[in-house]
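Asker: Quick one: the structure is below, questions incoming.
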Amino acid sequence: MASGVAVSDGVIKVFNDMKVRKSSTPEEVKKRKKAVLFCLSEDKKNIILEEGKEILVGDVGQTVDDPYTTFVKMLPDKDCRYALYDATYETKESKKEDLVFIFWAPESAPLKSKMIYASSKDAIKKKLTGIKHELQANCYEEVKDRCTLAEKLGGSAVISLEGKPL
């Protein structure tokens, strides 16, 4: 932990809940998180779950039409964040679901914030074991096009993301 920032237990619990796809009742599935944002605590000592910045599986098709577009809109204009996004995508062979770790560091974020988030990234990644895909973005142009995420998930083999053809 180069920055000395700790990862809160809440972050690890959310990650484990998103990672493990146990057989659940339809009600439990609706409560699963599709996307979450993590931020630094006020004192900059802990990485915590950002309150109210999440999409639940049950929201998709109800209050959320396109989870990826909604997720991109949750990212702040002028500050950094870490995020977990549970991507549902299709290749020519099969349907897949994978967690993607996203490091959001917009160019308009304060330099100090970018430095703390960049130096704390390894700390959070070490705690979130088993993530296959990572995306780092510095502006909305890099995330608003779902092809950027599809490229990370499997390149040209990916034919749709969140049910939307590429």
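Placement of Cβ uses the backbone N, Cα and C atoms for every residue, glycine included.
Pasting the feature list from Swiss-Prot:
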- A2: N-acetylalanine (MOD_RES)
- S3: phosphoserine (MOD_RES)
- 4-153: domain 'ADF-H' (DOMAIN)
- S8: phosphoserine (MOD_RES)
- K13: N6-acetyllysine (MOD_RES)
- T25: phosphothreonine (MOD_RES)
- 30-34: motif 'Nuclear localization signal' (MOTIF)
- S41: phosphoserine (MOD_RES)
- Y68: phosphotyrosine (MOD_RES)
- K73: N6-acetyllysine (MOD_RES)
- K132: SUMO2 cross-link (CROSSLNK)
- Y140: phosphotyrosine (MOD_RES)
- K144: N6-acetyllysine (MOD_RES)
- S156: phosphoserine (MOD_RES)
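Would you situate these features in the structure and describe their surroundings?
Answerer: All protein chains considered, the CB of S3 (phosphoserine) has 18 other CB atoms within 10 Å.
Around S8 (phosphoserine), the same-chain residues six or more apart in sequence whose CB sits under 8 Å from its CB are S41, N46, I47, I48, L49, listed in sequence order.
DSSP assigns K13 (N6-acetyllysine) to a helical segment in the three-state reduction.
A coil conformation is recorded for T25 (phosphothreonine) in the three-state DSSP classification, outside any helix or strand. For T25 (phosphothreonine), no same-chain residue 6+ apart in sequence has a C-beta under 8 angstroms from its C-beta.
The average per-residue pLDDT of the prediction over the motif 'Nuclear localization signal' (30-34) is 92, rounded to a whole number.
Sequence-distant neighbours of Y68 (phosphotyrosine) (same chain, six or more apart, CB under 8 Å from its CB) are Y85, A87, R146, L149, L161, E162, K164, listed in sequence order.
Annotation for K73 (N6-acetyllysine): no same-chain Cβ neighbours under 8 Å separated by at least 6 residues are found.
The C-beta environment of K132 (SUMO2 cross-link), restricted to residues of the same chain at least 6 apart in sequence and closer than 8 Å, consists of D98, L99.
A helical conformation is recorded for Y140 (phosphotyrosine) in the three-state DSSP classification. Cβ contacts within 10 Å of Y140 (phosphotyrosine), excluding its own Cβ and spanning all protein chains shown: 14.
Reduced to three states, the DSSP call for S156 (phosphoserine) is helix. Here S156 (phosphoserine) comes close to no residue that lies at least six apart in sequence on the same chain with a C-beta under 8 angstroms from its C-beta.
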Asker: Please report, as numbers and ranges, the same-chain residues at least 6 past the borders of the motif 'Nuclear localization signal' (30-34) whose CB is under 8 Å from any CB of it.
Answerer: 14, 17-18, 24, 54-60, 67, 71, 84-86
Asker: Between Y140 (phosphotyrosine) and K13 (N6-acetyllysine), how many Å separate their Cα atoms?
Answerer: 29
Asker: Return the residues near K144 (N6-acetyllysine), defined as same-chain residues 6+ apart in sequence whose C-beta is under 8 angstroms from its C-beta, sorted by sequence, else 'none'.
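Answerer: Once residues fewer than 6 apart are set aside, K144 (N6-acetyllysine) is near T69, V72.
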Asker: By DSSP assignment, list the helix, strand and coil residue numbers for the motif 'Nuclear localization signal' (30-34), in that order.
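Answerer: Across the motif 'Nuclear localization signal' (30-34), DSSP assigns the residues as follows: 2 helix, 2 strand, 1 coil.
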